[in-house]
Every structure is written in C-alpha cells, then in structure tokens.
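Chemist: If you scroll down you'll find the structure; I have some questions about it.
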Amino acid sequence: MLKIYDTLTRSRREFIPLTPGEVRMYVCGMTVYDYCHLGHARVLVVFDSVVRWLQTLGYKVIYVRNITDVDDKIIRRALENHEPFSALTARYIQAMEEDAMALGVISPSFEPRATEYVDSMIAMIESLLNRELAYVASNGDVFYDVRRFPGYGKLSGKSLDDLRAGERVEIDTNKRDPLDFVLWKAAKPDEPSWDSPWGKGRPGWHIECSAMSEHYLGDQFDIHGGGQDLQFPHHENEIAQSEGVHGHSHVNYWMHNGFVRVDNEKMSKSLGNFFTVREVLTRYQPEVVRFFIVRAHYRSPLNYSDAHLNDARSALERLYTVLKNHAPSQDSEVATAVIDWENNVYARRFMSAMNDDFNTPEAVAVLFDLASEANRTGDSHYASLLKALGGVLGLLQQPPQQYLQYPAHLQDGQYSVEEIENMIQQRLQARKERNFAQADTLRQQLAEAGIILEDSPQGTTWRRE
C-alpha cells in the first residue's frame, strides 16, 4: 500500500487514485531564463523517481511538467542581452532538456509552454471575475482578491494576518490587499503581450499553472508536485484560482521536495555558492549526481558539498564493481532479473521502502545489502536483482566496465581511453617477453594517473580510482 505525505493535510495518506489504474500528476517546471541549477536538478530527479515507482506499481501515469516561458525574469534577461525573449527561452529550454537527459530523467507525457495557453488563462481569469474573486485595477492589471476566498492560507497553514505579517509581499497601490496577486499584467513597452478583454497584456505566473494543469488533467487530479519554495505563494495561489473557478479541491495530494543547501548554507549567487547542473557535470558523472539526490529523502534538505559528491561517487562505484565482478563471463553484462515482488525478501524490502512516501534512502540501503550478498556468495542472481532494483531508481544501467572507466574528475592531463588501452597492450607484450621491469613501469605510470589494472585468467581490465 503506497502512502504519500500530503503537504495540505500534513500527514501520510494512503494513495487512492481518482481513476483506478491511472495517475494524473502535475509538477511545476523551470522558468527558462538561465541554466538549470541544483535545485532544478532535484525537482527533475525526485519526481522522475516518483513516476518510475508509480509505473512499477502498474499505474498508467499522465505526467505534466510545464515550462514557464514568459515571466518578469525572462523579459529582464532578454532586455539585458538585447535579444528576443523567444530566442532566450528557446536556448534555455534546449539546455534544460539536455541536463534532464544527462540525469536520466524520463520525458514527461506533456511539457506545455505557458505562451501556448494564454487563451485558457484568459478564460480562467474571466471566470474569476464573474465570481467576484478578482478585480480590474485602474492601471489595467487584474488581481485576485484573496479576502474573497475563505480557504486562502490553508496550504501554508497560516491566516491572512499571519501571511501579511510574516511574508514578503509586493507593495502595489493598485491592490486592495497586499496579499492580492496579479492574474493579468497590463502591457508595457518592449514586453510581449496578448489581446484580452482588459486590453493588451500578459498573464501572471500563478494563473499559468492553473490553466495548463486543467487543460491536460481536468479540474481535479491526483498529485501536484514542486519544490518547497513554491508552497507559498505559488501553490497557495493555484489553489485559490482553481478552487475559486470550480468550487472544489483540484488536487488530492500535494508533494514538495526539500531545499538544496551548499556546505550547509543557502545556495545563492551572492554567497558565491551557486552551481548549475552543467558546472557540476564537468566534475562528476551524471549518474553520480542522480545517486546523490536519491540517497536523501525527497522531503529532507539536501546538502551539496564535494565531500558528499565524492562519497556518492565511491558508493556508486562499489555497486558497479559488484556488477562487473559477478557478470556470468568477462565479456557479458549481468542480465536484469525479473523482480519477484511477493517472494523475494530484498524486493519486498525495496517495495516497502518506496511505498513509505518514496523512501529512496531505505531503498538504496537494500541495494547495498544485495551487493554484500553477491560478494559473499558469488551468486550472479544477486547481481541481477541489484541491477533490476537499481533500474527502478534510474541507476546501474550502464555497462559496468564503461562506468568504471569514466574519469573521476574531468581535467587536462589525463590519459584517454585509447592511450590506456595502448599502454595495457604494451604491458602485455612486455610480460610475454618477460620484461617485467617494463611491465611494472607501465603499471606504475597508470597507477599514478589513477588507473587501476586488474589481471585475471580472462585478461586485464581497468578502472579509474
């Protein structure tokens, strides 16, 4: 039985989909004005892991992850760069897709862009105006009137007074209440705009997700996810919009992943500890980054540091070494086992962990227990199950030898794969000629470069430290 921690009720709840056998899920994606950072990577990997597990349980998953391609930050960056905002967003959408692919993230069922659904947003704003939940300000902006929605604050667990006192809200003399948020922004020079009943303008950020989720998933769906930073105001405002239009709850389970910190400090450009995914991937294999993310529970803070990434790399290397050592033969890979979820003790433990609010740290612990058993017994069946269960988390699917030969850190001065293979052949020839001094010299040169040779009756293999 799958249980999910629901942010709205602040409790673990048994997961019961609205439609048997089907899960409809929406996750807030990127605002594309820059490269993905580690916080984005966590959202991508966390909800990819959720989708994978739901599919493993046999559900058909309709997964929508939007792209915000019109926003104040996008417009500001495009003006700074002296380029069309559409060119800017196209570039960073491509970069985001490349980063997601590198991290092993499965493409969502749908990836709508906000600019393609402006008509739906206008229709939703009209419905809110008709229900007197919104108003047109004197400057042409349209605002949501939070005092007209009695449930405002229920996701964040705060009253209107608490929110006014404790949250930073934009001061705008056109608002009736400081917490009122914009649904439609009147056009300004040099900004993209669309025709509307209130004049030319563009949608506010919050209405975008309400409109796109309804377009693909209807007025009620199973799971809405995103980063913890979106809980207020973004998701709070989505509730006000969608429930305001339809008069009922539109999401059954709210999921939020925790923050990413760097060396126990908040990640920010001002502190000089802001890292993009691309920067991290110049130093670590993509699978190491994915493994680092899934080793932590999705709701816990994730602390990025070189020490933690190096530890993740070493741990993943141990698992791949087990797969390499217990392949049926030197030249073949471990076959992926068919998982017996009912009768295999390791599979049952793995399922129990994942059904407990997607407890990936406990699931990873099962992988290491399997690895230990494979080493203890030498039985390749354990390695096969290790690979199969790892695949559920999007891990351990590379050929082991290929993974182990990947450079630990990408830097100048390292031997290429071709150079390493040539030196191994030179060493082999030296040994045939009984020139053991030359063979030892070649081994030492490779060892100094972080290349470990492993001799066996089947030949010599190598890996990087």
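Here the Cβ of each residue, glycine as well, is placed from N, Cα and C on the backbone.
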Chemist: Labelled motif ''HIGH' region' by Swiss-Prot, one stretch among 30-40, 129-139, 250-260, 283-293. Can you tell me which?
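Modeler: Checking Swiss-Prot against the ranges 30-40, 129-139, 250-260, 283-293, the motif ''HIGH' region' one is 30-40.
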Chemist: May I ask you to indicate which of 171-175, 201-205, 266-270, 396-400 is given in Swiss-Prot as motif ''KMSKS' region'?
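Modeler: Of 171-175, 201-205, 266-270, 396-400, Swiss-Prot gives motif ''KMSKS' region' for 266-270.
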Chemist: Against which stretches of its own chain does the motif ''HIGH' region' (30-40) lie, if we need a Cβ under 8 Å and a gap of at least six residues from its ends?
Modeler: 67-69, 71, 73-74, 76-78, 88-89, 92-93, 95-96, 99-100, 205, 227, 229, 259-260, 262, 267, 274-278, 280, 302, 304
Chemist: State the three-class DSSP label for His234 (Zn(2+) binding site), counting H, G and I as helix, E and B as strand, and everything else as coil.
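Modeler: The residue in question, His234 (Zn(2+) binding site), is helix (DSSP, three-state).
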Chemist: When you measure from the Cβ of Cys28 (Zn(2+) binding site), which residues in the chain that are at least 6 apart have a Cβ under 8 Å away?
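Modeler: Listed in sequence order: Val43, Arg65, Asn66, Cys209, Gly225, Gly226, Gly227, Leu230, His234, His235.
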Chemist: Quick check: which same-chain residues outside Cys28, Cys209, His234, Glu238 lie with their CB within 8 A of the centre of the Zn(2+) site CB atoms?
Modeler: Trp205, His206, Glu208, Ser210, His224, Gly226, Leu230, His235, Asn237
Chemist: Within the motif ''HIGH' region' (30-40), count helix residues (DSSP H, G, I), strand residues (E, B) and coil residues, in that order.
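Modeler: Taking the motif ''HIGH' region' (30-40) as a whole: 3 helix, 2 strand, 6 coil.
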Chemist: In the structure shown, which of the binding-site residues Cys209, His234, Glu238 has the fewest other Cβ atoms within 10 Å?
Modeler: His234
